[in-house]
Protein chains: 10
Amino acid sequence: MSRLDVTEKIIAAKVSKGLKWSDVADQVGLSKEWVTAACLGQMTLGAEQAAVVADLFGLTDEEKKWLMVVPYKGSLPTSVPADPLIYRFYELVSVYGTTFKELIHEEFGDGIMSAIDFRMDLQREPHPAGDRVSITMSGKFLQPAL
Amino acid sequence: MSRLDVTEKIIAAKVSKGLKWSDVADQVGLSKEWVTAACLGQMTLGAEQAAVVADLFGLTDEEKKWLMVVPYKGSLPTSVPADPLIYRFYELVSVYGTTFKELIHEEFGDGIMSAIDFRMDLQREPHPAGDRVSITMSGKFLQPAL
Amino acid sequence: MSRLDVTEKIIAAKVSKGLKWSDVADQVGLSKEWVTAACLGQMTLGAEQAAVVADLFGLTDEEKKWLMVVPYKGSLPTSVPADPLIYRFYELVSVYGTTFKELIHEEFGDGIMSAIDFRMDLQREPHPAGDRVSITMSGKFLQPAL
Amino acid sequence: MSRLDVTEKIIAAKVSKGLKWSDVADQVGLSKEWVTAACLGQMTLGAEQAAVVADLFGLTDEEKKWLMVVPYKGSLPTSVPADPLIYRFYELVSVYGTTFKELIHEEFGDGIMSAIDFRMDLQREPHPAGDRVSITMSGKFLQPAL
Amino acid sequence: MSRLDVTEKIIAAKVSKGLKWSDVADQVGLSKEWVTAACLGQMTLGAEQAAVVADLFGLTDEEKKWLMVVPYKGSLPTSVPADPLIYRFYELVSVYGTTFKELIHEEFGDGIMSAIDFRMDLQREPHPAGDRVSITMSGKFLQPAL
Amino acid sequence: MSRLDVTEKIIAAKVSKGLKWSDVADQVGLSKEWVTAACLGQMTLGAEQAAVVADLFGLTDEEKKWLMVVPYKGSLPTSVPADPLIYRFYELVSVYGTTFKELIHEEFGDGIMSAIDFRMDLQREPHPAGDRVSITMSGKFLQPAL
Amino acid sequence: MSRLDVTEKIIAAKVSKGLKWSDVADQVGLSKEWVTAACLGQMTLGAEQAAVVADLFGLTDEEKKWLMVVPYKGSLPTSVPADPLIYRFYELVSVYGTTFKELIHEEFGDGIMSAIDFRMDLQREPHPAGDRVSITMSGKFLQPAL
Amino acid sequence: MSRLDVTEKIIAAKVSKGLKWSDVADQVGLSKEWVTAACLGQMTLGAEQAAVVADLFGLTDEEKKWLMVVPYKGSLPTSVPADPLIYRFYELVSVYGTTFKELIHEEFGDGIMSAIDFRMDLQREPHPAGDRVSITMSGKFLQPAL
Amino acid sequence: MSRLDVTEKIIAAKVSKGLKWSDVADQVGLSKEWVTAACLGQMTLGAEQAAVVADLFGLTDEEKKWLMVVPYKGSLPTSVPADPLIYRFYELVSVYGTTFKELIHEEFGDGIMSAIDFRMDLQREPHPAGDRVSITMSGKFLQPAL
Amino acid sequence: MSRLDVTEKIIAAKVSKGLKWSDVADQVGLSKEWVTAACLGQMTLGAEQAAVVADLFGLTDEEKKWLMVVPYKGSLPTSVPADPLIYRFYELVSVYGTTFKELIHEEFGDGIMSAIDFRMDLQREPHPAGDRVSITMSGKFLQPAL
């Protein structure tokens with residue numbers, strides 16, 4: 001058994017039980033973004049969180065233990081993602097990557113936006129010409145050590 | 001001469017003249033995100049915008065015309081970017097790609113967030129434990145046609 | 001169980017039962033292009049459509065539920081497809097990609113043809129020197145947001 | 001000198017002189033799709049066509065000769081194209097590739113749609129919810145020899 | 001079950017029963033080149049041909065049906081083949097590819113040799129300094145449509 | 001200066017002078033296949049052959065010397081060739097590679113067809129349904145040493 | 001069953017039975033280099049050799065037959081090998097590849113060292129500063145055919 | 001100026017002056033294998049060696065200094081080499097890589113053959129059935145530290 | 001059964017039994033770095049070490065034997081690692097690779113730091129602004145043989 | 001002009017003037033590791049540091065300005081580095097990557113060692129059996145935000 005097996009069981013159980021990520025997040029008591037990522041094998045759950053998730057998805061004790069182990073992260077099967085929804089995010093990096101770089105350096109100097117000390121929030125943004133997806137990201141600025 | 005030559009001339013002129021993207025954006029009268037992307041060869045400028053940019057960076061008439069031609073977009077030299085700042089955005093897609101997918105589908109059903117009908121805003125977020133980079137993205141939700 | 005398993009069961013059942021995609025489409029009541037793509041794991045079916053498809057291919061309730069989940073799309077095993085029929089479409093993109101780009105920009109300005117708000121129709125075009133494949137594509141033009 | 005040099009000179013001359021592909025095509029007397037592809041180094045011009053193109057873009061005699069030589073075709077700098085407009089066509093192959101394959105084989109049996117004995121037509125399709133790009137493709141069906 | 005499973009069963013049965021491709025071809029009544037390719041999952045058999053092949057290799061009815069379905073073609077596990085015998089053919093394309101191109105264009109003008117309307121014949125060519133492999137290929141010349 | 005520079009000069013001179021490969025071959029006194037490959041940088045010419053080639057294409061003494069140096073061979077810019085004519089040969093390897101392997105081993109046992117002790121001949125094959133390209137290849141069979 | 005299955009069974013049986021390649025080679029009566037390569041799926045055994053190998057490793061009759069079939073050769077899971085021992089050989093090709101080329105051409109003219117009509121011998125070379133691995137390779141020189 | 005420029009100048013000067021690597025090696029007083037590799041930018045020359053090489057190839061003082069700088073090594077333009085002579089060495093690694101690994105571990109235990117503390121010797125091996133290339137390699141065995 | 005199976009069993013047993021690598025290392029009597037690497041399939045254990053490890057993780061005799069066989073090393077599923085923790089080490093090589101090269105050559109001349117005769121030590125480094133990971137590496141300098 | 005041009009000029013000037021990185025670092029007043037990386041285009045210099053570097057390497061004012069601009073980082077020409085010295089570091093990541101991951105998580109829990117808030121020190125470690133390269137790395141541990 002591996003974490004991947006547990007992730008696949010969670011995904012299958014979600015389809016079978018008709019669960020929603022936002023409901024799972026409410027039960028766990030953390031943001032839907034963090035909880036979804038964790039269930040998809042990208043975050044590590046604490047003992048209480050793992051108990052809630054195991055209960056909701058019907059995991060065994062063995063499987064629950066895997067939720068508390070740091071997973072090998074990275075969720076894409078290919079380096080350039082084929083799925084159209086995920087590709088659009090890759091395209092943002094491809095098209096706006098140098099823009100992100102220029103503007104962050106202009107504001108902060110040399111360094112990066114952390115992808116670890118990082119939080120995000122995804123919401124529906126109602127709009128008369130068609131609703132929009134709104135995503136807010138916040139990552140700590142990190143400076144190179146001298 | 002090609003658009004790439006013009007982009008490189010703009011970047012070199014910016015270093016040489018000590019310009020800031022936010023000042024260029026103020027002169028052009030559009031957001032710093034859009035203007036920076038346009039100067040870096042990822043957007044197409046209208047005649048008046050091109051005149052302002054050409055003036056600021058000291059471009060010839062020939063070079064100014066290239067600013068009004070739709071460029072071949074995509075700003076990364078390799079499919080997985082090597083630069084640490086840009087890589088962190090790639091890592092967000094790699095780690096959170098399936099999370100984006102699950103949460104957008106849960107809220108909107110099948111479809112994508114447009115990377116074309118898309119706007120973003122990048123700001124410094126002051127924080128006692130170290131300032132943060134804050135990015136807000138807004139993209140139209142698009143549904144598959146039947 | 002995953003959507004891939006369901007797709008493979010559909011393909012195997014089609015061979016075993018000798019079904020035709022156009023007949024499946026008639027039963028579902030949508031175009032053969034959309035229904036084939038959906039059965040091959042590239043579209044999401046509504047409850048009624050899924051019921052018809054499940055019935056035709058002999059799927060279980062569990063498998064039927066997967067048809068209503070948005071799949072991870074992209075149907076090629078390699079980034080450059082090896083199959084001769086599919087490669088010819090890749091070659092069209094390779095040879096005519098810049099032509100598509102020039103002519104769409106000449107007609108519409110900066111932007112893209114949507115691959116999501118998109119429909120197509122594939123027909124036999126009788127011809128004395130050998131029949132031809134005729135494909136009509138229609139995708140919404142999308143303009144970058146300022 | 002190479003065909004690539006000639007193609008780049010044509011593209012630069014088009015920007016400089018403000019020519020339109022549809023006008024070039026009218027002068028050459030062939031479809032805008034074929035003429036654009038030819039000017040972009042994907043087709044071979046006859047002597048008269050080359051003379052018209054050379055005249056419009058201000059090519060030398062040496063450069064005109066290159067237009068009559070069969071070029072090394074394929075216009076993409078990477079196997080998965082980065083430009084958003086061209087990527088959407090790649091995505092169509094990725095998402096609908098197996099659908100094309102199934103429907104062509106269902107109608108014609110084993111074989112392919114030729115990408116050589118091939119014609120296409122690209123038009124604006126007016127639509128109240130936003131105009132659409134309409135592309136019609138016609139390729140001869142080719143059967144494997146026994 | 002998939003065509004790949006049937007191909008693997010055929011290959012294993014050939015080892016187990018000690019069959020020869022030329023004998024299979026004689027039974028089917030077509031060239032050894034075409035029949036071998038078909039058994040290896042690169043061609044589509046008609047009903048009578050499939051019956052012969054199924055009989056020789058001990059296939060079930062279900063497996064026989066797969067022989068009549070157009071397979072996803074392309075028989076190499078990597079884009080540059082590792083096996084020395086197959087690599088030599090890749091090397092011929094690599095070393096002589098531009099020579100093929102120059103000589104076909106010199107004789108026929110713009111166009112290609114079809115790999116679909118294509119036949120080949122492979123024979124032993126006795127030679128005092130060591131026998132040689134002789135391969136004759138014949139493919140229809142196809143001209144671009146105007 | 002490098003062999004690549006000499007090859008490019010030969011190609012440009014051929015366009016400029018309107019030479020034909022078959023005429024060059026007649027002057028050199030060897031097959032058009034070998035001479036074309038040599039001029040394209042895939043073979044090494046002897047002193048007399050180099051003198052003829054240098055004369056025909058107007059090469060300097062320095063350039064002529066490069067023709068007598070064994071070149072770094074392999075004429076494709078990408079491992080999967082983009083040009084449609086050359087791709088068809090790659091497709092033959094991809095589709096028929098395992099067939100070549102099976103039939104050569106069936107006839108000769110373990111070993112390969114040499115791509116070095118190799119000759120080929122390319123001819124027009126007249127045909128009422130459209131002329132065909134005919135290629136005959138002959139390569140020495142090589143057996144593994146014990 | 002496939003040759004790969006047989007190779008894996010041989011490797012597992014070797015671990016389980018504690019066999020040594022040099023002992024297997026003695027039993028087969030051929031060099032340890034050839035016999036090891038053969039057991040690892042890179043060479044084809046004759047009937048008597050296969051009987052010895054099958055006996056030593058406890059193979060079934062079916063498995064023994066696979067040893068007499070020419071395998072799909074090439075033993076690396078990635079084109080640049082990750083294993084440090086094997087990588088060092090790749091590095092020799094990378095660092096000394098052009099040196100091999102220059103010196104072989106200087107001695108023999110155009111052509112190659114055959115990797116098929118090839119033998120090698122691997123020995124321990126005692127040395128006061130630490131023993132060394134000594135490998136002697138011998139491959140037939142092959143000249144291009146005119 | 002870079003080491004690559006110096007390497008290219010050496011190669012061009014060798015063609016122009018008609019030098020032989022073995023003569024260069026005699027002048028330098030080291031093996032032809034080491035000297036050729038050094039001239040091709042894979043080794044670092046001492047002051048006296050550099051003076052000899054600079055003199056033979058007509059290098060400037062500036063260029064001579066580059067010969068004494070450790071170069072960025074690795075001489076292949078692609079990870080799988082296209083040139084037939086060099087590819088055969090890659091094929092040896094691909095086919096015999098696991099054999100090298102098994103036999104070295106059988107003789108020495110865990111560790112590698114060094115590619116740095118390494119020497120080789122390349123000779124013509126006369127043979128009635130055609131002369132052979134003989135290469136002897138000697139690399140220090142290195143054991144993992146505990 | 002293969003070494004990979006044994007590695008996976010060890011990893012699963014560690015999760016199930018809640019073992020710590022440092023405790024395993026104490027039992028084995030070697031550094032935690034070496035023992036962890038060995039358990040993860042990157043080192044070879046002696047008979048006594050293997051007995052301890054087999055006992056702790058509940059391995060069978062067959063599985064224990066695999067621990068004493070030199071494994072195929074290299075622990076990354078992709079050449080550029082996706083996991084953020086491991087990627088940071090890749091980034092160090094990418095960003096500081098040329099710096100390592102310059103400084104080692106400046107101190108030692110031509111040669112390398114061995115990755116085989118290599119040891120490392122990983123510790124927590126307490127720090128008021130947040131604890132740090134401290135890694136000390138020691139590898140033997142190796143000089144090219146003349 | 002670009003930062004890459006400045007980097008290349010620095011490297012060439014270092015060869016020409018015979019400078020040492022440790023001397024440059026002493027002049028700049030920072031560690032040799034940081035200064036070497038900065039001169040190689042991987043760090044950003046402040047005004048005073050840039051003045052010292054410009055003076056030592058003979059840079060123009062224009063070139064000096066580039067030293068104060070954040071560069072596009074990543075110093076490797078290929079994703080798997082070919083140079084033997086740099087490859088050994090890549091091999092450490094490949095072989096010990098999962099070990100780094102396990103031991104850091106065991107000590108710190110989920111998170112990473114920063115490659116930005118990172119310092120290192122490279123020294124010669126004298127040793128009777130041959131001197132060793134000793135590298136100490138220190139990177140801040142970063143925890144995922146909830």
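Each residue, glycine too, has its Cβ placed from N, Cα and C.
Note: TrEMBL annotation is automatic and uncurated.
Taking all protein chains in view, 25 other C-beta atoms sit within 10 angstroms of the C-beta of F:ARG88 (active site). According to TrEMBL, the feature active site maps to F:ARG88 (among others).
Residues annotated as active site in TrEMBL: F:GLU91 (among others). The Cβ neighbour count for F:GLU91 (active site), using a 10 Å radius over every protein chain in view, is 23. Secondary structure from DSSP puts F:GLU91 (active site) in a helix.
Annotation comment: TrEMBL describes F:SER114 (among others) as active site. Reduced to three states, the DSSP call for F:SER114 (active site) is strand. Listed in sequence order, the residues of the same chain lying 6 or more apart from F:SER114 (active site) and placing their CB within less than 8 Å of its CB are F:GLY139, F:LYS140, F:PHE141, F:LEU142.
Feature annotation from TrEMBL assigns domain 'Cyanate lyase C-terminal' to F:75-145.
Note on the domain 'Cyanate lyase C-terminal' (F:75-145): its mean pLDDT in the predicted model is 97. Candidate active-site residues F:ARG88, F:GLU91, F:SER114 yield none lying near chain B, with Cβ-Cβ distance under 8 angstroms.
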